[in-house]
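S.K.: Among the features that TrEMBL reports, Fe(3+) binding site is placed at H70, H72, H240, D315. Residues or ranges marked as Zn(2+) binding site by TrEMBL: H70, H72, H240, D315. Sequence annotations record features per position, and here TrEMBL assigns 4-imidazolone-5-propanoate binding site to R79, Y142, H175, Q243, T320. Among the features that TrEMBL reports, N-formimidoyl-L-glutamate binding site is placed at Y142, N317, G319. Taken from TrEMBL, the feature domain 'Amidohydrolase-related' covers 61-402.
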Amino acid sequence: MPTQSTSKRLWRDVQVFDGLVQLSEAMNVLVEDGRIAGLWPAREFNEACAEGAACAGRGGVLTPGLVDCHTHLVYAGNRAGEFEQRLEGVSYEEIARAGGGILSSVRATRAASEDELIAASLPRLDALLADGVTTVEIKSGYGLTVADELKMLRVARRLGQLRPVRVLTTLLGAHALPPEYAGRADDYVSLVCEEMIPAAAAEGLADAVDVFCEGIGFSPAQCERIYQAAKAHGLAIKAHAEQLSNLGGSALAARYGALSADHIEYLDEAGVRAMAEAGTVAVLLPGAFHVLRETRLPPIELLRQYGVPMAVASDANPGTSPICMPTLMANLACTLFRLTPREALAGMTAHGARALGLPDLGRIAVGAPADLCLWDIQQPAELAYAVQAGRLRQRVFKGEVVYAR
Ligand SMILES: N=CN[C@@H](CCC(=O)O)C(=O)O
Ligand SMILES: [Zn+2]
């Protein structure tokens with residue numbers, strides 16, 4: 001893995017997408033001590049500004065490192081068989097109610113050791129990194145016992161030590177009702193609130209708590225109990241909401257100050273308004289929409305009207321989105337959801353970072369952490385336009401060039 005030793009580096013004559021917009025002319029970008037120290041139009045650039053800086057790259061498009069703010073990267077096994085069933089007309093919900101779906105991945109993940117989960121998950125993480133990711137959120141949710149959920153979170157933390165990437169972890173104990181609690185969902189929610197959340201918080205294993213608020217998941221009342229426990233332990237809140245039906249899960253999450261409500265195909269105007277008022281980010285997951293062959297579109301125009309920031313993420317998981325390519329998500333966000341390429345890229349940078357409570361990330365601005373990608377393309381929109389691996393020339397993490405070719 002090539003690295004450079006100087007801490008002062010200069011990228012020259014690059015087109016810049018700053019996380020929200022494309023800058024109007026070619027720029028020079030100076031990085032020092034892991035942060036962006038200067039940003040000048042290339043034509044105005046004065047060598048004295050960057051004295052002592054090594055030239056790290058010239059030409060191409062510089063973007064913030066991509067932020068994949070919603071993944072289920074850690075799991076064992078796969079669900080290719082269910083993919084075939086769904087193609088034959090069996091629905092995701094029917095498979096779940098028959099004990100497959102998430103519970104199928106739970107069986108495989110419970111049976112796997114931490115090392116086995118690392119071995120299974122690293123290639124997926126590497127695929128994200130090869131496509132420009134510098135920050136990734138990883139959820140638990142395939143353990144559904146205290147020990148197995150903590151195991152997943154530990155694996156997620158270890159992945160962040162094995163590769164130059166920032167990993168945020170989210171406890172998703174309320175992903176599905178484990179079979180041993182059949183008919184006793186409230187008791188399982190008590191386990192999540194009284195044992196899982198306190199244990200994850202005490203061990204520093206979770207940055208946030210998520211729920212699956214859905215008919216095949218948990219009711220709004222059950223989710224609310226989980227949010228109260230998360231808040232009591234100082235953890236941020238997220239929601240899988242309005243994916244298959246409208247239960248008002250996004251508005252509930254917003255009332256608890258959630259960082260994000262994710263999926264949201266069935267979100268209504270009241271939910272959009274609640275999110276706008278709370279500053280809750282809408283996380284769009286076009287991979288799951290595509291794989292489930294969903295037809296109900298998220299309310300993109302309403303989200304725009306109310307000024308709700310829209311993030312875009314891979315939702316990499318074995319069931320609804322077995323896809324580890326964020327730039328493909330940018331393409332699907334445009335083709336399926338009609339986002340503009342600029343919106344899709346903001347969704348994978350500035351707004352993705354905001355969905356993780358990290359507003360300094362995902363930007364190219366003086367003072368921001370220097371997580372960057374240099375791409376061999378002419379203009380930023382190409383990242384959403386073409387689906388093509390191998391365009392990443394450099395990946396920069398905390399000011400270090402951690403990948404170069
Ligand atoms: N909707 C719930 N959770 C995941 C899917 C998990 C699975 O099917 O394994 C999602 O984000 O789509
Ligand atoms: Zn998810």
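Glycine too: its Cβ is placed from the backbone N, Cα and C atoms.
Note that TrEMBL annotation is computational and uncurated.
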S.K.: Given the binding-site residues R79, H240, which one is most crowded in terms of C-beta atoms within 10 angstroms?
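M.R.: Max Cβ neighbours within 10 Å, all protein chains included: H240.
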S.K.: Please check each of the binding-site residues R79, D315, T320 and report the ones with a CB atom less than 6 Å from an atom of ligand 2, ordered along the sequence.
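M.R.: Near the molecule: D315.
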S.K.: What whole-number Å value do you get for the CA-CA distance of R79 (4-imidazolone-5-propanoate binding site) and G319 (N-formimidoyl-L-glutamate binding site)?
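M.R.: Each residue's Cα considered, R79 (4-imidazolone-5-propanoate binding site) and G319 (N-formimidoyl-L-glutamate binding site) end up 6 Å apart.
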S.K.: Which binding-site residues, if any, among H70, D315, N317 have a Cβ under 6 Å from ligand 1, given in order along the chain?
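M.R.: From H70, D315, N317, counting a Cβ under 6 Å from ligand 1 as near, the near ones are D315, N317.
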S.K.: C-alpha of Q243 (4-imidazolone-5-propanoate binding site) to C-alpha of D315 (Fe(3+) binding site): distance in Å?
M.R.: 13
S.K.: Quick one: which of these binding-site residues, Y142, H175, N317, have their CA within 10 A of H72 (Fe(3+) binding site)?
M.R.: Y142, N317
S.K.: Taking only the Cα atoms, work out how far H175 (4-imidazolone-5-propanoate binding site) lies from H240 (Fe(3+) binding site), in Å, as a whole number.
M.R.: 9
S.K.: Name the residue among the binding-site residues H70, T320 whose Cβ has the smallest number of other Cβ atoms within 10 Å.
M.R.: T320
S.K.: Within 8 Å of the centroid of the Cβ atoms of Y142, N317, G319, which other residues of that chain place their own Cβ, given that this set defines the recorded N-formimidoyl-L-glutamate site?
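M.R.: Near the N-formimidoyl-L-glutamate site, beyond Y142, N317, G319, sit H72, Y75, R79, I102, S105, G141, P318, T320.
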S.K.: Taking the Cα atoms as reference points, how far is G319 (N-formimidoyl-L-glutamate binding site) from H70 (Fe(3+) binding site) in Å?
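M.R.: For G319 (N-formimidoyl-L-glutamate binding site) versus H70 (Fe(3+) binding site), the Cα atoms are 14 Å apart.
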S.K.: Given a separation of at least six residues and a C-beta threshold under 8 Å, show me what packs close to N317 (N-formimidoyl-L-glutamate binding site) in the same chain.
M.R.: T71, H72, L73, Y75, S105, A288
